[in-house]
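Before I ask anything, let me first share the structure, which is written out below as structure tokens.
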Amino acid sequence: MLGGYGNISSIDINGSKAFLRKFLGDEEGKTGTGFALDCGAGIGRITKRLLLPLFSTVDLVDVTQEFLDKAKTYLGDESKRVGNYFCSGLQDFVPESGRYDVIWIQWVIGHLTDDHLIKFLQRCQKSLRPNGIIVIKDNVSYEGVVPDEVDSSVCRDLEIVRSLVRRAGLRIIHEEQQMNFPKEIYQVHTLALR
């Protein structure tokens, strides 16, 4: 899932934890830690290392049933805190209204058309609890839309991603570039949305 860059997993997770902790808490206006959704979850790397340590319950959604089956084993004892394993493409997935404090969308938006991404983000917004956030963490190209012939995805530049977020009726409340990744890969940016 990390395209031959498995060695960046800890850097990725630590950056994501630091990003999320800016929002989580019990104080007024902070994001709760009850329920999270891992979109494009694969075998559950982000669920296991990022979301389960921070949230009471995590749901996973992925288009590949085989990955979700492997997630049950990979997550081990922590799998008892997984609420649901949804097998669905994000273009068709409808998250439960008002369920999630955080919806985490990492390295998967390139598999959605612009229209599918906009509609998915709109459905995600409806599934947020009060003070909930949607987080997109993904590669961004330097300019325009760059197709990936290997997996039939695309990499959009940051301004295009921001524009799609706005078109979905969301606003970016915080944005960061992931640091300490190899220089030969596209930059990775994390955006918190409401």
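From the backbone N, Cα and C atoms, a Cβ is placed for every residue, glycine too.
Pasting the feature list from TrEMBL:
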BINDING   GLY40, ARG45, ASP62, VAL63, THR64, LEU90, GLN91, GLN106  S-adenosyl-L-methionine binding site
Just checking a number: largest C-alpha distance across GLY40, ARG45, ASP62, VAL63, THR64, LEU90, GLN91, GLN106 for the S-adenosyl-L-methionine site, rounded to a whole Å.
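The two farthest binding residues have Cα atoms 22 Å apart.
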Between the binding-site residues VAL63, LEU90, whose Cβ has more other Cβ atoms within 10 Å than any of the rest?
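Result of the Cβ crowding comparison: LEU90.
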Within 10 Å of the Cβ of GLN106 (S-adenosyl-L-methionine binding site), how many other Cβ atoms can be counted across all chains shown?
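GLN106 (S-adenosyl-L-methionine binding site) is surrounded by 22 other Cβ atoms within 10 Å.
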